[in-house]
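Chemist: One structure follows; several queries about it will come next.
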Amino acid sequence: MPGPSAPPPPAIYSALALLLLLTPPANAFSCSPLRLHDSAFAWDSLQLLRNMAPSPTQPCPQQHAPCSFPDTLLDTNDTQQAAHTALHLLQHLFDTLSSPSTPAHWLHTARHDLLNQLQHHIHHLERCFPADAARLHRRGPRNLHLSINKYFGCIQHFLQNHTYSPCAWDHVRLEAHACFQRIHRLTRTMR
């Protein structure tokens with residue numbers, strides 16, 4: 001004698017099972033909202049940087065900071081690492097360019113616009129990481145953070161050693177320009 005057959009699952013159970021199958025895992029990395037939104041970010045930022053920080057009125061002596069960016073950080077196909085690197089660069093750029101010691105000839109409105117844009121993109125990148133990954137992001141990847149911290153620390157020492165002169169800030173402007181180009185390269189990796 002055949003046993004009793006199980007009743008078919010209600011439609012709600014089928015819908016929930018389908019939803020679970022189609023939903024990405026909680027630890028999956030998803031930065032898809034940034035892809036179209038950020039395609040012109042670096043170039044818009046470069047324009048704001050040009051508007052904000054015109055060249056100094058007097059020529060600057062040839063001075064180079066001994067700061068070298070760890071370009072190996074850009075050679076990645078890992079979208080999450082690219083996003084972490086871009087986020088860390090943006091945070092340091094924001095901290096540096098929001099300094100109260102920026103030169104008087106820099107245009108306040110353009111600087112404010114650039115800082116707003118940086119903050120906006122920092123916020124969007126932070127949202128790419130799951131809430132439980134925020135703690136992990138603050139700790140690592142350790143070498144990535146140390147390399148970028150060292151690079152921006154070198155820039156800060158350069159500014160201090162040159163008493164925050166307009167010429168030293170002009171060098172920082174050039175470094176920021178290079179950072180926006182690096183961010184553009186990283187956002188291409190995130191696509």
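Cβ from N, Cα, C; glycine included.
Not my notes, these are from Swiss-Prot:
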SIGNAL    1-30  signal peptide
DISULFID  Cys31-Cys128  disulfide bond
DISULFID  Cys60-Cys154  disulfide bond
DISULFID  Cys67-Cys167  disulfide bond
CARBOHYD  Asn77  N-linked glycosylation site
CARBOHYD  Asn161  N-linked glycosylation site
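Walk me through the surroundings of each of these features.
Modeler: Cys128 (disulfide bond) carries neither a helix nor a strand DSSP state and counts as coil.
According to DSSP, Cys60 (disulfide bond) is assigned to coil rather than to any helix or strand.
Cys67 (disulfide bond) carries neither a helix nor a strand DSSP state and counts as coil. Listed in sequence order, Tyr151, Cys154, Ile155, Phe158, Glu175 are the same-chain residues six or more apart from Cys67 (disulfide bond) with CB atoms under 8 A from its CB.
Cβ neighbour count for Asn77 (N-linked glycosylation site) (all protein chains, 10 Å cutoff from its Cβ): 7. DSSP assigns Asn77 (N-linked glycosylation site) to coil in the three-state reduction, placing it in neither a helix nor a strand.
Counting only residues at least six positions away in the same chain, the Cβ atoms of Ala168 sit under 8 Å from the Cβ of Asn161 (N-linked glycosylation site). Asn161 (N-linked glycosylation site) falls within a helical segment according to DSSP.
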Chemist: Looking at Cβ-Cβ distances, which residues of the chain lie under 8 angstroms from Cys60 (disulfide bond) while being 6 or more apart from it?
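Modeler: Long-range Cβ contacts: Pro166, Cys167, Asp170, His171.
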